[in-house]
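As recorded in Swiss-Prot:
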ACT_SITE  GLU198  active site, proton acceptor
BINDING   HIS65, ASP168, ASP221  divalent metal cation 1 binding site
BINDING   ASP168, GLU199, HIS307  divalent metal cation 2 binding site
Amino acid sequence: MEEEDMFDLLKKFTGIVGVSGNEEEIREAIIEEIKECVDEIKVDTLGNLIAVKKGKGKKIMVAAHMDEIGVMVTYIDDKGFLRFSAVGGVSRYDCIGQRVKFKNGVVGAVYYEEKLEDMKNLQLSKMYIDIGARSREEALKMVNIGDVACFVGDAVLQGDTVISKALDNRSGCAVVVKAIKELKKTDNEIYFVFTVQEEVGLRGAKTAAFSIKPDIAIAVDVTMTGDTPESHPMEVKCGGGPAIKVKDRSVICHPEVRKLLEESAKRNNIPYQLEILEAGGSDPGSIHLTAGGIPSGAISIPVRYVHSPVETASMSDINNAVKLLVEAIC
C-alpha cells in the first residue's frame with residue numbers, strides 16, 4: 001500500500017509539464033496535497049512555494065526543486081518546424097526520436113535535419129521539433145516563441161522499480177510531501193520549500209534561503225548511480241537506500257548536517273549510502289553560501305539515466321528517503 005500510494009503521487013507529479021521558469025502547475029498540485037497539513041503557505045516573488053510548520057525550536061529549511069529540464073522554442077520556419085534551445089542540462093544524445101509536450105498539450109517529435117554519420121557530431125542546433133504544422137502560420141496557432149516543452153515519459157511501476165521522466169526532481173517533491181503528511185509533531189519550525197529554477201543555476205533556493213535564514217538546511221534531490229554498464233565508478237546504487245550527500249561540484253556538505261542524517265538513519269535502521277557526485281550541483285550549493293552561511297546537506301534518491309525520459313529509481317529508496325527525512329527533522 002505504501003508503494004502504491006507513493007507511485008500514485010509520483011505519477012501525478014511527473015505527468016505535469018514544469019520546465020524551469022514554468023513551475024505553476026506543479027506548484028498548484030503540491031499545494032493541493034499539503035494545504036491541510038501545514039500552518040502557513042506562501043509563494044515568494046520568484047515562485048518558490050514555502051510551507052511552514054510552526055514551532056519554537058530550530059528553524060529548519062527542507063528544499064526540493066519543482067522544475068525539470070526541457071526545451072524552449074526559439075524559431076519557427078516557413079514550413080512550421082520549430083527550432084529550440086535547451087532549458088537545463090538536456091543531453092543531445094537523448095533528444096532524437098523523442099516526443100516533447102507543451103503546457104497547452106501540443107505534442108511534437110524531435111528529429112535531425114541531416115543524415116548523421118557520427119554521433120560525436122550531434123548538435124542541438126541541427127535538431128527540430130515537428131508538431132504536424134504545414135506552415136509557420138499554422139504552427140503559431142499551436143505554439144509561440146518562448147514556449148517550453150518537456151520530454152514525454154509516462155511513469156511505469158515494475159516491481160520495486162519506477163521508470164519515468166522528471167523523477168529529477170518530482171521524486172524529491174513527493175518525498176517532502178509525504179514527510180509533511182507523516183510528521184505529526186515537532187518542536188522545530190520547519191520551512192518546506194519547493195524551489196524553482198534549480199536546473200538552470202540553483203536560483204530559487206538562493207532567494208528562499210536568504211529570506212528564511214534557517215539554522216540548517218536539508219535538500220531532497222536525486223543523484224546518479226554507479227550500477228549500470230556505462231556508468232562511471234560510484235558507490236551509489238539503486239536499491240541500496242537513500243544517499244546522504246558528502247559533496248558535489250557545488251557544495252561540501254556541512255559535517256554536522258551529515259552527522260545528523262547518518263545518526264538518524266542508524267538509529268532507525270534505515271539503509272543508506274554515502275554520495276560523492278563528481279558532476280553536477282544541487283540546491284545546497286546556493287543555500288550554504290547565503291545569509292552569512294547556512295549549514296547544509298542533502299538526502300539524494302539514486303536515479304539511473306538522470307536527465308533522460310527514462311529516469312529509473314527504486315521505490316524502496318524513495319520510501320526510505322521519507323523515513324530518513326522525518327526522523328532527521330522531528
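Glycine is treated like the rest: Cβ placed from N, Cα and C.
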Where ASP221 (divalent metal cation 1 binding site) and the residue listed as 'active site, proton acceptor' are concerned, what is their Cα separation in Å, rounded?
-> 10
Neighbours of ASP168, GLU199, HIS307 excl. site residues, C-beta within 8 Å of centre, divalent metal cation 2 = GLU68, ILE69, GLY88, GLY89, ALA166, ASN169, VAL222, VAL306
Return the residues near HIS307 (divalent metal cation 2 binding site), defined as same-chain residues 6+ apart in sequence whose C-beta is under 8 angstroms from its C-beta, sorted by sequence, else 'none'.
-> ILE69, GLY88, GLY89, VAL90, SER91, ASP94, ASP168
Round to a whole number and give the Cα-to-Cα distance in Å for the pair GLU199 (divalent metal cation 2 binding site) and HIS65 (divalent metal cation 1 binding site).
-> 8
Integer Å distance between the CA atoms belonging to HIS65 (divalent metal cation 1 binding site) and GLU198 (active site, proton acceptor) | 6
May I ask you to report the DSSP-based helix, strand or coil state of ASP168 (divalent metal cation 1 binding site)?
-> helix
Identify all same-chain residues not among HIS65, ASP168, ASP221 whose C-beta atom falls within 8 angstroms of the centroid of the divalent metal cation 1 site's C-beta atoms; report them in sequence order.
-> ALA64, ASN169, GLY172, GLU198, GLU199, VAL220, VAL222, SER282, ASP283
Three-state secondary structure, GLU199 (divalent metal cation 2 binding site) (per DSSP) | coil
Cβ-based isolation winner (fewest other Cβ atoms within 10 Å) among the binding-site residues GLU199, ASP221 | GLU199
